[in-house]
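Here is what TrEMBL says about this protein:
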type: DOMAIN; residues: 38-413; note: domain 'Major facilitator superfamily (MFS) profile'
type: TRANSMEM; residues: 79-98; note: transmembrane segment
type: TRANSMEM; residues: 110-129; note: transmembrane segment
type: TRANSMEM; residues: 173-193; note: transmembrane segment
type: TRANSMEM; residues: 200-221; note: transmembrane segment
type: TRANSMEM; residues: 252-273; note: transmembrane segment
type: TRANSMEM; residues: 285-305; note: transmembrane segment
type: TRANSMEM; residues: 311-334; note: transmembrane segment
type: TRANSMEM; residues: 346-368; note: transmembrane segment
type: TRANSMEM; residues: 374-396; note: transmembrane segment
Amino acid sequence: MQMDNQLPPQKAPGFCSFRYGLSFLLHCCNVIIMAQRTCLNLTMVVMVNSTDPHGLPNISTKKLLDNIKNPVYNWSPDIQGIILSSTFYGFVIVQVPIGYFSRIYSIKKIIGFALCLSSVLSLLIPPAAGIGEAWLIVCRTVQGVAQGIVATAQSEIYVKWAPPLERGRLTSMSASGFLLGPFIVLVVTGVICESLGWPMVFYIFGACGCALCLLWLFLFYDDPKDHPCISISEKEYITSSLVQQNGFLSSLPNLFACICGILAGHLSDFFLARNILSVTAVRKLFTAAGCLLPATFGVCLPYLSSSFYGTVIFLILAGATSSFSLGGALINGLDIAPRYFGFIKACTNLIGMIGGLISSTLTGLILNQDPESAWFKTFILMAAINVIGLIFYLIAGEAEIQDWAKEKQHTRL
């Protein structure tokens, strides 16, 4: 009896492997950049003084010490809006260029430099705010560029590090950091501001980012073949199962999702300002668009496997149109309970992160059991989940302030 000498490659250890450790490291990087990005949204409350006049001669010592720990500035609402949105503009403009350059230059150096830059700028935000709002806007804009580089360039990492049957698990583990970051900010920022002062929020997240940058430069290599610490079996498993991908194409859904998100925000406010639709109708309309359009484009994908450009276009549309929900369910918590919107947002982010982890695991199981029709089943399942969630939202969704969230006024007789 003749034995077959060509055996399939042995699967390297899974959860305890180096590639999963790398995904967790990238998860931590995403947590940090999102924390650095969103913490100003909360500290702005204590940074701006809209009630107490400055420079009074009979100010108490306690008040003076509190002003040193928590400096306050007289910024108008317009200036506050520009400061808060400045990172977004930097984030958007870098998407396509970095998607292209990430194929040419070292990902290790690109992400390491961008993470370091974002962290150093986080350390500089308190003194920049003290100098003037223009310097703060510049810091935030450049920080947005750096954070956009980290968010976009990392898609090129999995071209060489993620085996095809593990891409869902590895990418979702790292991408879940984008959801966990705002949750951590919402939990700890208030405590830090009260006990140490709002500047310490930026110093803490900036210092964590700098430390993480050193770990990144020490542990990450662009190619698993060059890494000195990875085991031979895992190295062979990764390199033998990979095919070439395109980081530039991977960045396009992010860019178009940003565009669709901006469009959704402007259109929803336009409908409300002109009294074309009620708040409830607007929220349900954009939620329906954000659920049905990605489901439709996703279900069509398996039928376009013979057309490269058709597949790319529908992948971009499926990822981009989901951001229409930014004008719908994703902001609905602000309508029904503005007092508790931060807590509601944190809870929904946590649920979304758990859903992402479950979906990646489920996708891996489907791919292992039936590789031929796996993607068709995956996209059908995605469409079914979207439709079921949408039906529930259309039935139960409201946009009026709920009784339990209303301010309770106490009057004295």
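Every residue, even glycine, has its Cβ placed from backbone N, Cα and C.
Among 110-129, 252-273, 285-305, 285-305 has the largest number of CB pairs under 8 A with the transmembrane segment (374-396). Within its own chain, the transmembrane segment (311-334) has Cβ neighbours under 8 Å at 249, 252-254, 256-261, 263-265, 267-268, 282-291, 293-294, 297-298, 300-301, 304-305, 340-341, 344-345, 348, 393, 397, 399, counting only residues six or more beyond its boundaries. Counting Cβ pairs closer than 8 Å and at least 6 residues apart in sequence, the transmembrane segment (252-273) and the transmembrane segment (285-305) reach three or more and so form a contact. Cβ atoms under 8 Å from those of the transmembrane segment (173-193) belong to residues 20, 23-24, 26-35, 37-39, 42-43, 46, 70, 151, 154, 200-201, 204, 342-343, 345-346, 349-350, 352-353, 356-357, 360 of the same chain, restricted to positions at least 6 beyond its ends.
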